[in-house]
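Colleague: When I checked TrEMBL for this same protein, it listed these features:
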{"type": "TRANSMEM", "residues": "B:12-32", "note": "transmembrane segment"}
{"type": "BINDING", "residues": "B:ALA23, B:VAL24, B:ASN28, B:SER252, B:ASN284, B:LEU403, B:SER407", "note": "Na(+) binding site"}
{"type": "TRANSMEM", "residues": "B:44-66", "note": "transmembrane segment"}
{"type": "TRANSMEM", "residues": "B:78-105", "note": "transmembrane segment"}
{"type": "TRANSMEM", "residues": "B:168-186", "note": "transmembrane segment"}
{"type": "TRANSMEM", "residues": "B:195-222", "note": "transmembrane segment"}
{"type": "TRANSMEM", "residues": "B:242-266", "note": "transmembrane segment"}
{"type": "TRANSMEM", "residues": "B:278-299", "note": "transmembrane segment"}
{"type": "TRANSMEM", "residues": "B:394-416", "note": "transmembrane segment"}
{"type": "TRANSMEM", "residues": "B:437-458", "note": "transmembrane segment"}
{"type": "TRANSMEM", "residues": "B:464-487", "note": "transmembrane segment"}
{"type": "TRANSMEM", "residues": "B:508-527", "note": "transmembrane segment"}
{"type": "TRANSMEM", "residues": "B:554-576", "note": "transmembrane segment"}
Amino acid sequence: MLAGVLLLIFLPPLVAKDLCKDSQDGFKVRLSIKTALGEEAYDWNESEMFLFRSTLAYAMRKETKNDTYDITNILVCNDTPRVSFMFVVTSPGQPDQLIPKEQVEKAVRENKHRINNAFLLSDMTLEFLGIPPTLSAPIIYDTEPWLIVFGVVIGAVAVGIVALLMSTVSKKRRAKEKAAGLSEEDEGIVKENGTALSSFGGKEGAYNQAFSNDDRFTKL
Amino acid sequence: MSKEARPSWDSPMQFVLACVSYAVGLGNVWRFPYLCQMHGGGGFLIPYLLMLILEGIPLFCMELAIGQKMRLGSIGAWMAISPYLGGLGIASVVTSMYLCLYYNVINAWSFWYLFHSFQSVLPWAECPVDVNRTGYLEECEVASSTQYFFYRETLNISSSIDENGGLHMGQALCLLLAWIIVYLFIVRGVKSTGVVVYFTATFPYVVLFIYLIRGVTLHGAWNGVKYMFTPKLEQLANPQTWINAATQIFFSLGLGFGSLIAFSSYNHHNNDFEKQAVVVSLINSGTSVFASVVTFSIYGFKATFNYESCLERMRMLCLNSFDLSEESISVENVTAWISHLNITHPESFAAIASKIEHCSLEAELDTAVEGTGLAFIVYSEAIKNMPLSQLWSVLYFIMLLLLGMGSMLGNVTAIITPLADIKLLSHYLSSESINGLVCLLCLLLGLGFTSRSGNYWFTIFNEYAATLSLLFIVFIEVISVCYVYGLRRFERDIEDMLGHRPNWYWKVMWAVVSPLLLFSLFIFYIINYIQGGTPTYQAWDKDLGRSVVKEYPVYGQVFIALLLLSALSCVPLAALHSLCRRTQRGTQIRQHRHA
């Protein structure tokens, strides 16, 4: 009688351990808490394990839309000092039936973000070996940001060039007008020694070829 | 008839800054630190400074003197020295043309990187994810994210020079922008260039200084600086060290392109170019050393970062394979633990033996890189690991742009000055139109470098277009000035300009030392080409994620030969042409006399 009672008490965890250890449907989990959190790392203890099992149960509930999943359906074994262990998920209706690997994988992938956040970890530091992380989607821009900066710069440069060219053109026009204007003014101004002083207004003097230094070319 | 006065610099300061802006270019940042590392660190400064005194300063001064005396661009100036030497000027213009074509492509890349720095995450910091979002793109995994960004997203490089693709539109747009900016800087000739150089000559130093402070305060920077400056004096016995020092000084000062002649042709007759030559050459070399301190502190940071990542990876590998607690192995005792685990658990250790890497700081520091690889891959890798990386990235690429644009000013001026001297052209077209046409032509030809195989053609130009030809050109220049024009006549011209004759240092260098040095460099290059066999290039293999060596196809080798010959042959061909014209005219005059 006593033996039977003892057997009844110790059988479920023994069976559970066997289910977990020998199973093909389990996953190895690895947490790198010290690496992720450094000074603020928490210790891995029974309560944290409880949290883990409950988040997995939550993930199974969400994925299968079956509210009967409970923490007792998540079996854990092979605990190491690394903070890595194996887990399997049993079906809520039949405790000795394991949920197949693919379903568990799907549940974990869909809810990885929530599981990570529960432990303040990331995809790098909370690893489910065999389940690749879903990387965040690349940001799609309406207009690439580099085109915007390019547009600003090329617009500014184009304005600069146009302004420079316009000022050159207007300078030339003004010089032409002045030359035309001077030849009209000559008639009405008092001339001294036959030369109008105003004709020297804009120029720096006339270039006298007699004093130029043109013979700087080598003669052979 | 009134002669329009030649435009001139507003002040001698503008001229000096223009020369500094031209000489201080990308080579100071990406070639000198490499040479320093390859040839014994601090010890390399000895041959470098010696070559500066023996060939750099004298040749620089000589080109300035010629330009200031003749007051013409390179073609006119050499025609004035001797009617048979017009070809020397033409060779300079041709070489400048080649340089302009490919140099602005580097500026286009700098623009591309600069514009891409305005994002919350730098695009070269992370690999893009693949279609399933389960991992990263394979090419990016095998190479690194910075290499992937450069080879795939910036260049979209094909796997060999034979495979042409279409143009890369982003690159083409950036090249267009680069040429428009160059046009804006040179549109009014010296007047516009003179204003721009105040900025392009000084701002790079501001950025270098900021980077110096940032660089030496980075973790691990001191490793790099110490590694660089520890002199390995045994390298001085290697002749390659001396050859590299001579070529570096020569190319770094930008001799032979005609830019210096063009710049100094706008000087006043009595400008003291002798002092300015010394000042600019010293500034150029000083900047090289300064830039290499910055580069090596960045190297040190990158090497330390990679070394510590390697140690961290090994630590994780040991922890995960042996399921030990995280506190048992720290980054410091990883190597001790690895040997311990090898002894205590030999079978399990053998299983992971293939993944064990040997982490070595020395090996990381030894990876010397030069050229575009250094500027765009190594530096951007270091920048992505710095805090506030977008700011540092923007600053860095602005500096690269200013250095590149400053050099482009000199390169384009070397082409437009001789063109403006041609009376026929300036009669029909205004100077703005000539400048615009030159920029347009260079842009259209340069678009070829933005195609998928463009980087391979770029490498051809980079290695062959302006190396051997320049040595030849400057050698003929020195010989002509000293022996054809006459050293005494040159001395008298300098006395006329400066008020005193050049002292014995200049005369000895010009007449004996520099020509000898140049001739030996020229011979060395030719021997190197012949001994090197078929020229090869580095092609990017996207499956391996690294570059592989390939030989140039026949048409590539023919193109290289054409590049070299087109510049070299200008000198003898023009001399022949001149000789024919003179004999023709001589016979015509004799005929007139007889008639």
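All positions are counted from 1 along the displayed chain.
Every residue, even glycine, has its Cβ placed from backbone N, Cα and C.
Because TrEMBL annotations are produced automatically, they should be read as predictions rather than curated entries.
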Colleague: Does the structure show the transmembrane segment (B:278-299) and the transmembrane segment (B:242-266) touching, where I'm treating 3 or more Cβ pairs under 8 angstroms (sequence separation 6 or more) as a contact?
Modeller: yes
Colleague: Report the residues of the chain - excluding B:ALA23, B:VAL24, B:ASN28, B:SER252, B:ASN284, B:LEU403, B:SER407 - with C-beta within 8 Å of the mean position of the site's C-beta atoms, for the recorded Na(+) site, in sequence order.
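Modeller: Filtered neighbour residues, in order: B:VAL20, B:TYR22, B:GLY25, B:LEU26, B:GLY27, B:LEU253, B:GLY254, B:THR287, B:SER288, B:GLY406.
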Colleague: Within 10 Å of the Cβ of B:ASN28 (Na(+) binding site), how many other Cβ atoms can be counted across all chains shown?
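Modeller: So the Cβ neighbour count for B:ASN28 (Na(+) binding site) comes to 24.
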Colleague: Across all the protein chains here, work out how many other Cβ atoms are within 10 Å of the Cβ of B:ASN284 (Na(+) binding site).
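Modeller: Summing over all protein chains shown, B:ASN284 (Na(+) binding site) has 24 other Cβ atoms within 10 Å.
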Colleague: Examine the transmembrane segment (B:464-487) against the transmembrane segment (B:394-416) and state whether at least 3 Cβ pairs sit under 8 A, considering only residue pairs 6 or more apart.
Modeller: no
Colleague: Determine the minimum-neighbour residue: among B:ALA23, B:VAL24, B:LEU403, listed as binding-site residues, which Cβ has the fewest other Cβ atoms within 10 angstroms?
Modeller: B:ALA23
Colleague: Out of B:12-32, B:44-66, B:168-186, B:195-222, B:508-527, which stretch touches the transmembrane segment (B:78-105) the most, going by CB pairs under 8 Å?
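Modeller: Out of the listed stretches, B:168-186 contacts the transmembrane segment (B:78-105) most.
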Colleague: Can you see whether the transmembrane segment (B:44-66) and the transmembrane segment (B:437-458) are touching - at least 3 CB pairs under 8 angstroms, only pairs 6 or more apart in sequence?
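Modeller: Contact criterion not met.
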Colleague: Specify the count of other C-beta atoms within 10 Å of the C-beta of B:SER252 (Na(+) binding site).
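Modeller: B:SER252 (Na(+) binding site): 23 neighbouring Cβ atoms within 10 Å.
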Colleague: Can you work out whether the transmembrane segment (B:437-458) touches the transmembrane segment (B:12-32), with the criterion being 3+ CB pairs under 8 Å where the paired residues are 6 or more apart along the chain?
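Modeller: Answer no: the transmembrane segment (B:437-458) and the transmembrane segment (B:12-32) share fewer than 3 Cβ pairs below 8 Å.
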Colleague: Tell me the Cβ contacts of B:SER407 (Na(+) binding site) under 8 Å, same chain only and six or more apart in sequence, or just say none.
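Modeller: Within the chain, B:SER407 (Na(+) binding site) has Cβ neighbours under 8 Å at B:SER21, B:TYR22, B:GLY25, B:LEU26, B:TYR103, B:GLY254.
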Colleague: Pairs 6 or more apart in sequence, C-beta under 8 angstroms, 3 or more of them: is that satisfied by the transmembrane segment (B:508-527) and the transmembrane segment (B:12-32)?
Modeller: no
